[in-house]
Amino acid sequence: MAKISKVWARQILDSRGIPTIEVSCRLDSGEIATSSVPSGASTGKHEAIELRDDNKDLYCGKSVFKAVQNINDVLGPSVWGLDVNDQEKIDSRLIELDGTENKSKYGANAILAISEVATKVCSYANKKPLYLWINDLAKRAGINSQTHVSTPIFNMINGGLHGAGNLDFQEFHVIPATSKKFDEALRCGVEIYMTLGKDLERRGAIHSVGDEGGYAPNLFTNADALQVLYESIKQSNYQIGRDVFLGLDVAATVFYSNGEYKIRDKSTPLNDEALLEYYKQINSQYHLALIEDAFYEDGWDSWKKLYQAFQGQLTIVGDDLLATNPERVVRAIQEKACNGILVKPNQVGTVTETLKVIKIARDAEWKIISSHRSGETNDSFIADFAVGVGSDFVKFGAPARGERVSKYNRLLAIEQELLRK
Ligand code: PGA
Ligand code: ZN
């Protein structure tokens, strides 16, 4: 039984150059692991709180020195001496110590950093790959799932808060068929990504990339972005509806105000009925496989209408709506608001609570999508996590940029390892 003997943290930078936390953990048996946490831009208001210093003279208010200090002085010492196999106890110690609903006292970023590094270092002590140790934890949480190398959802075009272009919708996805092995799915994503880049160049559209590695073009409308993507796929060796499918993360909270949604596709703002009609039109043209955050994060009635209109046809995914929060997931199941969840550990703040949310969603037969954040580090924890909990899909951005491909590359290694067994 290995025990935690020391935890220490530092401030590092994420992929946007914004400070985040890196933490190390040593066991009395000698193993040391290091882990870091990501950060969102289109952050939902129901997420656990990421603690920042808010001191304008330090990193424009974005530094996390207080959260680092919280780890070094309070949270870290509180888990010294605990059995590292007892993830549930480690996490409940951190939750109790913070004592707030949304982890605002010590910061969800500080708490998650310790929770994840404990999982990682325990896998070293147990001489197990991280995804297998996470699978053990998932089973302990009652999730009845085998390890599974998930199907990638590639974010090919970045709009909203992630893109330098002018699109309102945040993400335009290409999703390979779930029957493909991961390495074939990755190849498919890369080939379409390259074709799309050339296509945008030929059209004279901006083809530099946004926060998640997808292109951030200057197009006229959101529907134009889907059309460009559609045409690039047609030029590639893949067939839409057979080899690949299209999806959207609308992230609608960002362009919602006072009951209306303002998008460049329409000259006047839309109410929820009109936006739903527009989604129906888009869907009849492009046969989407998935739509995420189609309405704003508290628009429960609009979500229910969407579910009524599209259930059985496509996966309706809640991200900002659910915020990886167990109560919100239970409500969404009861009210029939969606049938898929974007799982982001930093929205809730510990590994154990994330597993609890997955258990609830799985029991309702929802699709599970394990997700990165738009501000990432090269840590590939989320790739092991996705495989360990048996996620149906992963969302790690475009197949480009170091912090995105570190996750895809990790899935390649895991798939090879699992096939060798
Ligand atoms: P975020 O975006 O990390 O900026 O919240 C990801 C998403 O909305 O899925
Ligand atoms: Zn989202």
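Glycine too: its Cβ is placed from the backbone N, Cα and C atoms.
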TrEMBL records Asp249, Asp319 as Mg(2+)-binding residues. Which of Glu231, Glu273, Glu292, Glu297 is assigned to the same site?
Glu292
Suppose a student reads TrEMBL and sees His162, Glu292, Asp319, Ser371, His372, Arg373, Ser374, Lys395 listed for substrate. Which of Glu171, Glu327, Glu365 should they find annotated at that same site?
Glu171
Co-listed (2R)-2-phosphoglycerate-binding residue [TrEMBL; alongside Lys344, Arg373, Ser374, Lys395] among Gln69, Gln87, Gln146, Gln170
Gln170
Could you state the whole-number distance in Å separating the C-alpha atoms of Ser371 (substrate binding site) and Lys344 (active site, proton acceptor)?
5
If you count, for each of the binding-site residues Gln170, Ser371, Ser374, the other Cβ atoms lying within 10 Å of its Cβ, which residue has the minimum?
Ser374
If you take the centroid of the Cβ atoms of Asp249, Glu292, Asp319, the listed Mg(2+) site, which other residues of that chain have their Cβ within 8 Å of it?
Gln170, Glu171, Leu248, Val250, Ala251, Ile291, Asp293, Val317, Gly318, Asp320, Leu342, Lys395
Could you give the Cα-Cα distance between Gln170 ((2R)-2-phosphoglycerate binding site) and Asp249 (Mg(2+) binding site), in whole Å?
6
Could you tell me which of the binding-site residues Asp249, Glu292, Arg373 have their C-beta within a distance under 6 angstroms of some atom of ligand 2?
Asp249, Glu292
